[in-house]
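> Below: one structure in structure tokens.
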Amino acid sequence: MAFTKISLVLLLCLLGFFSETVKSQNCGCAPNLCCSQFGYCGTDDAYCGVGCRSGPCRGSGTPTGGSVGSIVTQGFFNNIINQAGNGCAGKRFYTRDSFVNAANTFPNFANSVTRREIATMFAHFTHETGHFCYIEEINGATRNYCQSSNTQYPCAPGKGYFGRGPIQLSWNYNYGACGQSLGLDLLRQPELVGSNPTVAFRTGLWFWMNSVRPVLNQGFGATIRAINGMECNGGNSGAVNARIGYYRDYCGQLGVDPGPNLSC
């Protein structure tokens, strides 16, 4: 009988220990351990890879931090746009709410975005728009972005397909494909991108999901190549370094490691 009581006490102690262990795993990991998407601590790809919540995450596996709106706070957004001059048209155009509203129309993005991805995205937004100063490409209207050989998305007479929005959407084939995806006639009305902030952010997100997100796991440098490959391999080292600088800054603000392969 005494043996049975002792065994029972030991069993209860063990259960208590494992209960506390599980609590710590969901997710109070030591600083050198990753918290996996399922709430457990470890160091290999199962913990530090896709879905990683905290710790030294790798690739796209960075802390989610919750919804898009909880990551892109008003303070985070203001820290960027407040660096634009008072005379900037974009300062009266781009808003944090228009970004969040646009992001929520892309559930695959909104439901899986990570802090590192937000840092990546806003580093490029910052570079492309001058801290959200510019809505349209400087002198863009004087440039020809019509690829006449593209018969799937033919250019409309008198319309310009120069860079607009946070990712500076350019060329008729991008306006056409993007508009088709979003249910908008951007071939005939490309100016919508420069007149409606939610549409502007939606075009940026469309380009992101199709051309940038697929290479996120390769590091920040691969995203530079996806957006403007002409800057890579010494094409424009100043621009590359500027993008990396913004990225490092935003990773710091959001509390995530920038990861490897930052340059291109």
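Backbone N, Cα and C atoms are what each Cβ position is placed from, and that goes for glycine too.
Reproduced below are the annotations present in Swiss-Prot:
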{"type": "ACT_SITE", "residues": "E128", "note": "active site, proton donor"}
{"type": "DISULFID", "residues": "C27-C35", "note": "disulfide bond"}
{"type": "DISULFID", "residues": "C29-C41", "note": "disulfide bond"}
{"type": "DISULFID", "residues": "C34-C48", "note": "disulfide bond"}
{"type": "DISULFID", "residues": "C52-C57", "note": "disulfide bond"}
{"type": "CARBOHYD", "residues": "N261", "note": "N-linked glycosylation site"}
{"type": "REGION", "residues": "66-264", "note": "region 'Catalytic'"}
{"type": "SIGNAL", "residues": "1-24", "note": "signal peptide"}
> Using a 10 Å radius around each Cβ and all protein chains in view, which of these recorded positions has the most neighbours: E128, N261?
E128
> In Å, rounded, how far does the Cα of the residue listed as 'N-linked glycosylation site' sit from the Cα of E128 (active site, proton donor)?
21
> Tell me, by DSSP, whether N261 (N-linked glycosylation site) is helix, strand or coil?
coil
> C-alpha of C41 (disulfide bond) to C-alpha of the residue listed as 'active site, proton donor': distance in Å?
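Here the two Cα atoms lie 38 Å apart.
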> Looking only at DSSP and grouping its letters into three states, which state does the residue listed as 'active site, proton donor' belong to?
helix
> Per-residue pLDDT averaged over the region 'Catalytic' (66-264) comes to what?
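Averaged over the region 'Catalytic' (66-264), the predicted model reaches a pLDDT of 96.
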